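Take a look at the structure below.
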Amino acid sequence: MDNNKKQVIPRSQYRRKRREYFHNVEREERIRREKIEKENQAKREQHQTKVNEERVKDNLRKARIEKLTQEEIHQQRDDKSYKQKTLNQNNQMNKSKDDDNKIGEESLHDVRVSSDTSTLPHQNKSIKDYDDSGNESKQHTKLTSKESMLGVNSNHTEQDSRSTQPYSSKHSYSQPKDKDNDNTQQAQFLKKEDKQRNRAENIKKVNEFKQLVVAFFKEHWPKMLIIIGIIVLLLILNAIFTTVNKNDHTNDSAFNGTAKDETTAMKIAENSVKSVVTVENDLSNDTTVSDNKNESDNEIGSGVVYKKVGDSIYIFTNAHVVGDQEKQKVTYGNDKSVTGKVIGKDKWSDLAVVKAKVADENIKPMTMGDSNNIKLAEPILVIGNPLGTDFKGSVSQGIVSGLNRHVPVDIDKNDNYDALMKAFQIDAPVNPGNSGGAVVDRDGRLIGIVSLKIDMHNVEGMAFAIPINDVRKIAKELEHKGKVNYPNTEIKIKNVGDLDDSERNAINLPAKVNHGVLIGEVKENGLGDKAGLKKGDVIVELDGKKIEDNLRYRQVIYSHYDDQKTITAKIYRNGAEKNIKIKLK
């Protein structure tokens, strides 16, 4: 075989065989059914067309009959009116006839003869006209001959001829009028047919247009979806940019001071600042916090004027602000300062009361609120003097972040917690110098005194204030006694959580008890001894409140400083549960 020659495969080897025809019974049956259905549809349409034509003809027939009826009614009305006119004319002629009664029989006879002779030519003429004009002229001839035979007077004959002539003329034109009516009805029929034909053509055009629209959407629906998607996207973008513009406008109006809430906050701050003073236990001229001195020797904070008697003002502040100094420097107004005196303080509640004499009438007591009505997330303002008098009257805004917090406090700075402080949590910025400052609600009422904050590198916005109801009760004790006398059960206690297994086994403490305080020693004749408490007892509940540790125990006991009532203690003694009454006075 020659390699240069192209190899060709015979067509008989690779040609595709012709497909055999398969008889599709279902398809032929479907086509036959469709054909029969189309024929039936055509027959129905043809039948409906005939029915419509019959209805049109019937309607035209009815319309024609109705029209003829109306014409007959009008004809009768015209005849009636004409007869009435004829009757009136006859009455008038009768009156004139009475006036002519004086004429003799002779003249009347002459008139009759003359009328007879005059009617003969007319009679001949009417007979001649009978051959030309037919029935209509014959009737007129009979009437004329009858009048001549009766021999009526000339006036009466003329009147009868007048009354007969219009009636004859009306009937003489009735036949052309019917022809005109037929032509009119035929024209109306043709006009209605044209209207129906036009209506059918319009319906056909509408259907064809609908079919074209449907075919267009079927063919181009992907493109239509893309176009609709683009339009929706543009509308969404427009709505987004419109909202952004509205927000920008709102922010602009807020900065312009048009918002009602900001105006209210401004008024509250303006009034409340006058009741907040600076309290400093260092009487030197430098009123700025110094890093070179010990914090306990140079503590600076804020105070709130809550009462004014004469020229003396009473100030709420913190015990850690006044420290151990009895004299305090009180700065108010435009850097005016006086020396105040600490009349009472309580380290357990971190509260102190300072009294000073101020003659300035602008210094007014702040309105007291009710801390029992504080709500979570309630907006508040914090007013104080952070970092000293250089930033006095600072106002920060926030909300109430938490209620009924029990915050452990290290009072003596020995890295051990000494007490639990009852407070509510705020998120407003609190800095050194804000201690003792005011927490006011949206109505400008004092609801708390700033006490402390959590100062850790990974904690922000956690400050605490003493509820004003507790502050007022303790301040009352401090005003009268200079201190708060707390009840003391005179027992030494240890946390159950700090016990090891041997100590738990020694007192037969059940395994389920993992909280409370263990009594180590009981002072003789003390409140605990009188109540029946013994060494080795474990107090797990006091006054219906769960005791977790010694801080909670002290807080529950100290909360009864004002009433000193008898409370119930739930204890475990040698593994057995027992209730004991403790008198706090």
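Cβ coordinates come from backbone N, Cα and C, glycine included.
The following features are taken from Swiss-Prot:
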ACT_SITE  H320  active site, charge relay system
ACT_SITE  D350  active site, charge relay system
ACT_SITE  S435  active site, charge relay system
COMPBIAS  21-82  compositional bias 'Basic and acidic residues'
COMPBIAS  84-94  compositional bias 'Polar residues'
COMPBIAS  95-113  compositional bias 'Basic and acidic residues'
COMPBIAS  114-124  compositional bias 'Polar residues'
COMPBIAS  126-139  compositional bias 'Basic and acidic residues'
COMPBIAS  151-175  compositional bias 'Polar residues'
DOMAIN    516-575  domain 'PDZ'
REGION    1-184  region 'Disordered'
TRANSMEM  224-244  transmembrane segment
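D350 (active site, charge relay system) falls outside any helix or strand according to DSSP and counts as coil. Confidence in the domain 'PDZ' (516-575), given as mean pLDDT, stands at 93. D350 (active site, charge relay system) sits 6 Å from H320 (active site, charge relay system), counting Cα to Cα. Of all Cβ atoms in the shown protein chains, 24 besides its own fall within 10 Å of the Cβ of D350 (active site, charge relay system). All chains included, 28 other C-beta atoms sit within 10 angstroms of the C-beta of S435 (active site, charge relay system). Its own atom aside, the Cβ of H320 (active site, charge relay system) has 22 Cβ atoms within 10 angstroms in the protein chains shown. Between the C-alpha atoms of H320 (active site, charge relay system) and S435 (active site, charge relay system), the distance comes to 9 Å. Under DSSP, residues within the compositional bias 'Polar residues' (84-94) fall into helix, strand and coil as 11 helix, 0 strand, 0 coil. In this structure, S435 (active site, charge relay system) belongs to neither helix nor strand by DSSP; it is coil.
Applying DSSP to the domain 'PDZ' (516-575) sorts its residues as follows: 14 helix, 21 strand, 25 coil.
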